[in-house]
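Under the heading substrate binding site, TrEMBL lists R31, Q32, A33, G34, R35, D81, Y158, T213, H331. Feature annotation from TrEMBL assigns domain 'Uroporphyrinogen decarboxylase (URO-D)' to 26-35, 146-162. Positions annotated as site 'Transition state stabilizer' by TrEMBL: D81.
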Amino acid sequence: MSDVASHLENDRFLRALLKQPVDTTPVWIMRQAGRYLPEYKATRKQAGSFMDLCRNADLASEVTLQPLERFDLDAAILFSDILTVPDAMGLGLYFSEGEGPVFERPVRNMAAIKALGVPDPEGELQYVMNAVRTIRSDLNGRVPLIGFTGSPWTLATYMVEGRSTKDFGKVKGLMYEDPAAMHLLLDKLADSVTLYLNAQIAAGAQTVMIFDTWGGTLTPQTYRDFSLNYMQKIVDGLVRENDGRKVPVILFTKGGAQWLETMADTGCDGLGLDWTINIAEARDRVGDRVALQGNMDPCVLYAEPEAIRANVKRIIEDFGLPTGHVFNLGHGIHQYINPDNVKVLVDAVHEFGSALRA
Ligand code: CP3
């Protein structure tokens with residue numbers, strides 16, 4: 001055994017990200033704690049609202065661990081949301097039934113952006129750090145804990161639009177109309193998020209992932225200048241080792257398959273892939289610079305077990321190498337998925353992953 005996470009009972013997730021030998025392919029699922037689980041819905045009801053659940057460390061830990069009780073997952077992910085950071089900047093987040101996240105006070109111009117502060121992670125965001133500490137203690141070394149953030153661009157889309165959007169008219173309008181204002185917003189977000197992730201690492205997060213959910217809506221040039229540039233700033237500012245162990249960083253731009261090489265150039269450890277690229281092609285393009293995480297279409301989980309197993313097998317065999325792959329979906333699991341199908345997926349990853357190494 002290496003010195004990496006030696007006290008962990010199961011460290012194959014960290015080892016695969018660092019391209020160290022593993023016995024089988026590790027797996028976790030984006031949004032693994034969520035509404036497809038009846039026990040999640042019960043705890044959320046008990047908490048009152050989604051944000052009340054995020055603010056209660058014991059309940060946040062309970063829902064983080066729920067999927068681990070059902071499935072043989074190789075990592076846990078902090079139960080929280082990417083929008084905690086803009087909320088702490090004073091935008092007033094709430095979740096409206098059927099519509100998703102809404103900000104009471106969106107920012108739409110230079111004056112509003114200049115007025116924004118950088119939140120103290122152990123101040124306004126201390127509830128997130130308390131959740132990290134509680135989860136680490138409740139996990140008791142079972143599997144590693146993933147911390148996360150939204151990318152500056154993705155956070156900015158919600159902060160300018162004020163809610164989910166299909167056309168990104170307001171945020172892209174501001175970017176083209178007043179690029180200096182957009183750069184100031186993204187710069188403040190990069191600083192906020194760097195502090196936020198470093199505080200999560202200090203509190204016990206053993207890997208961090210940057211979710212750039214909306215980077216894929218940009219042009220090649222605006223992706224580089226307004227999204228990747230600020231993720232680079234974060235990667236450069238992160239603490240990469242804690243407690244004697246490396247803390248891997250994963251970047252995930254949904255819809256970003258055409259930019260994998262430049263993403264790998266940031267110096268991150270792993271890249272998340274959506275389902276629009278074959279994982280063998282992605283591996284050939286990035287070489288051994290980074291590990292890859294993904295990339296099954298979440299809709300495969302609507303199919304019968306045999307189809308799920310066939311899709312898992314194909315992705316593992318397409319990747320083909322004995323380490324450097326973390327199995328995941330290409331985006332979050334849908335709320336209408338039958339949990340029994342998730343068990344089929346997780347068990348199939350371990351089965352075909354060990355067959356690959358036999
Ligand atoms: O993966 C996990 O299990 C950890 C928890 C997690 C949540 N949100 C919990 C959540 C993570 C990693 C996120 C990240 C997040 N949040 C992203 C980036 C990843 C992605 O999916 O692209 C984004 C864009 C958000 C913003 C957000 N939060 C939206 C758009 C919504 C509404 C979604 C919906 O389907 O209603 C949320 C709410 C949210 N975040 C839920 C959960 C479990 C559902 C809230 C509920 O219980 O009602």
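Every residue gets a Cβ built from N, Cα and C, even glycine.
Across the domain 'Uroporphyrinogen decarboxylase (URO-D)' (146-162), the prediction's mean pLDDT works out to 98.
For D81 (site 'Transition state stabilizer') paired with R31 (substrate binding site), the C-alpha to C-alpha distance reads 10 Å. Of all Cβ atoms in the protein chains displayed, 17 besides its own lie within 10 Å of the Cβ of R31 (substrate binding site). Its Cβ taken as reference, A33 (substrate binding site) is surrounded by 25 other Cβ atoms within 10 Å in the chains shown.
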